[in-house]
Amino acid sequence: MMDIETGGYGRTNRPVFDRLEGQQSQHLYVKNQVCKFWLAGQCNRNPCRFLHSHSPNPQPQPKSIPQPQPQQSDDPNANYGNKIKTTWRNPNISASKNVKVSSPMNVKVSSPGVVTSDVNCGHSGQRAQQKLCQYWVTGNCVHGDKCKDLHSWFSGSGLALLTKLERHNKAVTGVALPCGSDKLFSGSKDESVCLWDCNTGQCVGIVKPGGEIGCLISEGPWVFVGLQNAVMAWNIQTQTELLLRGPVGLVKALVVGGDMLFGCAQDGSILAWKFSSESSCPELVATLKGHKLAVLSLVVGAGRLYSGSKDETIRMWDLKTLQCLQTLSGHTNFVTSLICWDCYLLSGSLDSTLKVWAATESGDVQVVYEFKEESGILALSGIEDSQSKHILLVSCKDNTVRLYDLPSFSERGRVFAKREVEAIAVGCGDLFFTGDATGQLSVWKLLGGSSAEEG
């Protein structure tokens, strides 16, 4: 057994990683841009070529993605461990076998391979975003309050940085806070898993699984850690420790669908382990092959497993038969993140694009919308604010995490980091966590509200 400190775990519930997530676009207005000097009360130009208003001239109202009502599933595993309200609807309860899963976006196939949609995801009323002052980050800015760049770890209102947790010395690759537990788990490339006391913010235990951590998730009483050629399964209720062997190379993504754990491998395969009960050892039941290069991302939605790979494709697998149903092409770089939101699959890539996929009347899944980010997409997550509004979190290679309101896709703020944020996780309630490439773990709290101001 591993020698760690623990504080008496209670029984945990279905965690953050299994929450469905959606995504949004990020084109900032170039025309009708808000004057940043006016925002700071310092503009002396009259007339000024930028707007002296928080909103640009009236724009056509963007059409939001409709939100279909949840439908109950007859899948006996649909609610496995799902005992808390989730922000991103459980994909297993998005459709029953009597309801065809299709896009509610009025999808039209205008020609073979070309899909159009009535959805127009724009940014109305956005203000120009400030850049983080790099001199302030290092403590060397001499301009103080007069600096034109931001002296804060976030921009936007309704957000508070509670604390920064520092123990890892390399990139954080996974974070999980199971509901019902008083411990936060974080995994890193420094070959350690840290346990953090949620009451004190102190690191109360360090686990050394014996190699670099590729990913970390939790499900029910289990914490799963992706390792080199293996997955560590640790039951925090019984303190049972298991090592699931079979993957080739570093396991970069894990996901639970129904009663199965899926883990990806560097040879392009996906391994499936099945639970016979919450307390028993998962049994390897299948290996899914098809990708030509390493698999980087996994998500489960509407009876399907989706996998994103370095081969720039997404594969859709049937959860019951474990057969590949369709290969989705279109990205021109690694597919780094996949999430589901209602009837949509969203994919983020290092090609700086986010694609929204939905089923057409023929049953094929095709792109119904896409937009270009300013930099490559690393990770996606989602949370609800105090008014039950859905907020999308998008981590990009420019060391920022953007927060967008859904389904309007209007940007409410940004979180800044010293390096790229490779891990995002959502806790119970209004907490979320970001882990960057320096090893720093930040704890954030939503306060409600979305007007633009710095904090």
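Cβ atoms here come from the backbone N, Cα and C positions, even for glycine.
Here TrEMBL flags 29-55, 127-154 as domain 'C3H1-type'. Residues or ranges marked as zinc finger in TrEMBL: 29-55, 127-154. Look at TrEMBL and you will find 51-88 tagged as region 'Disordered'. If you look up TrEMBL, you'll see 57-69 marked as compositional bias 'Pro residues'. Summarising the annotation, TrEMBL assigns repeat 'WD' to 165-206, 288-327, 328-367.
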Counting each residue once, how many in the repeat 'WD' (165-206) are helix, strand and coil under DSSP? 0 helix, 22 strand, 20 coil
What counts of helix, strand and coil residues does DSSP assign across the domain 'C3H1-type' (127-154)? 7 helix, 3 strand, 18 coil
DSSP residue counts for the repeat 'WD' (288-327), split into helix, strand and coil: 0 helix, 23 strand, 17 coil
With DSSP helix as H/G/I and strand as E/B, how many residues of the repeat 'WD' (328-367) fall in helix, strand and coil? 0 helix, 24 strand, 16 coil
